[in-house]
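S.K.: What TrEMBL records for this protein is below:
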- 26-45: transmembrane segment (TRANSMEM)
- 52-70: transmembrane segment (TRANSMEM)
- 76-98: transmembrane segment (TRANSMEM)
- 110-132: transmembrane segment (TRANSMEM)
- 152-172: transmembrane segment (TRANSMEM)
- 205-228: transmembrane segment (TRANSMEM)
- 234-260: transmembrane segment (TRANSMEM)
- 272-291: transmembrane segment (TRANSMEM)
- 335-582: domain 'ABC transporter' (DOMAIN)
Amino acid sequence: MKRLAFLVPVAVAAWLLPYGLGGYSMHVLAVAIIFAILAIGLGLTMGVAGQINLAQVAFFGVGAYSVAILCTRAGLGFWTAALLALVVSVLFGVLVGVPALRMQSHYLGIVTLGLALAFTNWVTNATIAGRAEGISDIPVPVLFGLELSSAYLFYYVELVVFALALAFALFVTHSPLGRRLRAMRDDDLAAGALGAEIPLLRMTAFVLSGLYGGLAGVLYAGLIRFVAPESFNIANMFLLLAMVIIGGRASIVGCVIGAIGLAMAREALLDAAAYAQLGYGLVVVLAVVFAPKGLAGLPAQLRALLRRHKPGTPVRLGPFRPFAAVPAAGDSTVLEAEGVTMRFKGLVALDGVSLAVPRGEIRGVVGPNGSGKTTLFNVISGFYTPSAGAVRVDGREVTGAAPYRLSQRGVARTFQNLRLFEDLNVRENILLGLDRTRTSWIWRYAAAPWRVFGYQRDLDRRADEIIDRFGLADFAVAIPRSLPYGIQRRIEIARALAMSPTLLLLDEPAAGMNGEEVRRLAEIVRSIRDSGVTVVIIEHNMGLVMSLCDHVTVLAGGRVIADGTPAEVAIAPAVVQAYLGDSMAAPTESAAEEATR
Ligand SMILES: Nc1ncnc2c1ncn2[C@@H]1O[C@H](COP(=O)(O)OP(=O)(O)OP(=O)(O)O)[C@@H](O)[C@H]1O
């Protein structure tokens, strides 16, 4: 609550501002607030969710034109038209979001730009939209019997709408939904493996953008009471982009500061409009090069610069606190692969692989480089749909299911090349694992926000427990990239465990670790198994495999060449031959050595 105390003087200042401003300045301020709402919408899609959206100005236009058309052609009152306009803008948001389900990056940029151009083209040529002349007789909005005909009066309506819009955007970005959107922006594959329904999340981002664009459009129609195509053209889209990039696209407050600042600058530079555009371009380039996170990112950038000159304190990984052992719940098969084949064009990465992993087992999957181990994990966790064969988890067919579905079925995984979200701190990475809600849960954000707060409190409590159990408390708010490799590996395991899986897939968890770290890893994996989780582990460290695994499956050239206890596979001739040497010849001895190191 104390952190929000600064809002009181800000609100009072905003309320008193009109008393010190002339008519024209008031108008400029009212327009700047509209741009701020528009920029929040763009910040949510581009900055928070990482979806390229060049149609924000069209959402703005859809909102404004819908009000204009509904008021002047259908004879509706301003506020009824405004509500319908919001619905139309959200629907337009859905339409623009559809391509995002199938394409990303510059392709999405081109498509959204195309849709924005199509909108401007339509309003320029459609009779109902008043063609190039636009629509000029939008009625004065009346609120509580008061005609909002001046910018002074309208400003107060805008202020309330803006405050609510800003509060909702901040609420969303600081909630489990916002965390998932940021995770999707950083790495959509890893976010999917953690249970994020990527298509729905992308659509949510565009719906929010449509809503904020529509809201800005409604206010614009009420303030200016005239709409024409040039207010919603591509030049304005680029101005909006400049606002968001300069302010800091990932920060909602940054977007607001950028929007208000640039809207003011635009007015101040009206006499030099020809050069102003060039100036914005230059500032954007400077921002991208020297302050990629915009004005909002400058304090953190400065702090990092100062820290660089100070000797850093070494990070301390705390001890792992083992889980309470749970008696095995029956001996059913948790994972079953049957004749799984995966072809990449001409290359057969997996060739009829079958394996069955019983509950409570630690299964090792080993094999020379390129033998198909990671591909097998990718098939099991839904990253690849196999060309043939079937995968069953807990007896249910999951072949080709999306990663988020598998995550919901209790499959968690880590990655060979570590996929921690780099823009989220350690704690947020763990929180993402803990969040088991479906995206459809998000109706609560609008209808019952207190339930979101309650849920977040529960996640926070459980995150503390996991952070403590895995000894991560010293760097819970650090960015993973800044931490040693061994620690990052442990964070990834903690994040996977946060998902409360029944099946944990570990892809080379000991890679890059020293002997002591490998010993601690073995202790962690055993404790995870003892807590009732079935573990499948890909590893090249044979000492670890031999000492840790109950059962080992050996792959070579995409086929299972041996399957049995560590001692059995170690002496299998096919295995010795596949490894082309004697590294496997006496693994039990090396395991004993490794285990005692
Ligand atoms: N997406 C892909 N497209 C084309 N080929 C692929 C793809 N993924 C894997 N492969 C190929 O499939 C084969 C098996 O690769 P995979 O990564 O599964 O092996 P691995 O046993 O995990 O190897 P390593 O121990 O080096 O990680 C390799 O020849 C690899 O180049």
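Any Cβ shown, glycine's included, is placed from N, Cα and C.
Map these features onto the structure and tell me what's around them.
M.R.: Nonlocal intrachain contacts for the transmembrane segment (205-228), taken as residues 6+ away from its ends with a CB within less than 8 angstroms of a stretch CB, comprise 30-31, 33-35, 37-38, 40-42, 44-45, 48-49, 51, 53, 55-68, 71, 78, 82, 85-86, 88-94, 96-97, 100, 130, 132-141, 148, 151, 154, 157-158, 161, 165, 169, 172, 181.
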S.K.: Let me spell it out: take the transmembrane segment (272-291), skip the flanking residues so only those 6+ beyond its ends count, and list any with a Cβ under 8 Å from a Cβ in it.
M.R.: 235, 238-239, 241-242, 245-246, 262, 265-266, 297-298, 301
S.K.: By a Cβ-Cβ criterion of under 8 Å, what residues six or more beyond either terminus of the transmembrane segment (26-45) are in contact with it?
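M.R.: For the transmembrane segment (26-45), the far contacts come to 17-18, 51, 53, 56-57, 59-60, 151-152, 154-155, 158-159, 161-162, 165-166, 169, 172-173, 181, 205-206, 208-213, 215-216, 219-220, 223, 240-241, 243-244, 247, 249-252, 254-256, 258-260, 262-264, 267.
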S.K.: Short question: most Cβ pairs under 8 Å with the transmembrane segment (76-98), which of 110-132, 152-172, 234-260?
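M.R.: The stretch with the most close Cβ contacts to the transmembrane segment (76-98) is 110-132.
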S.K.: Should the transmembrane segment (152-172) and the transmembrane segment (110-132) be scored as in contact, given a threshold of at least 3 Cβ pairs under 8 Å and pairs 6 or more apart?
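M.R.: These two segments do not touch.
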S.K.: Take the transmembrane segment (110-132) and find every residue of the same chain, 6 or more past its ends, with a Cβ under 8 Å from one of its Cβ atoms.
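M.R.: For the transmembrane segment (110-132), the sequence-distant neighbours (Cβ-Cβ under 8 Å, at least 6 residues beyond its ends) are 52-55, 57-58, 61-62, 65, 68-69, 73, 95-96, 99, 103, 227-229, 232-234, 237.
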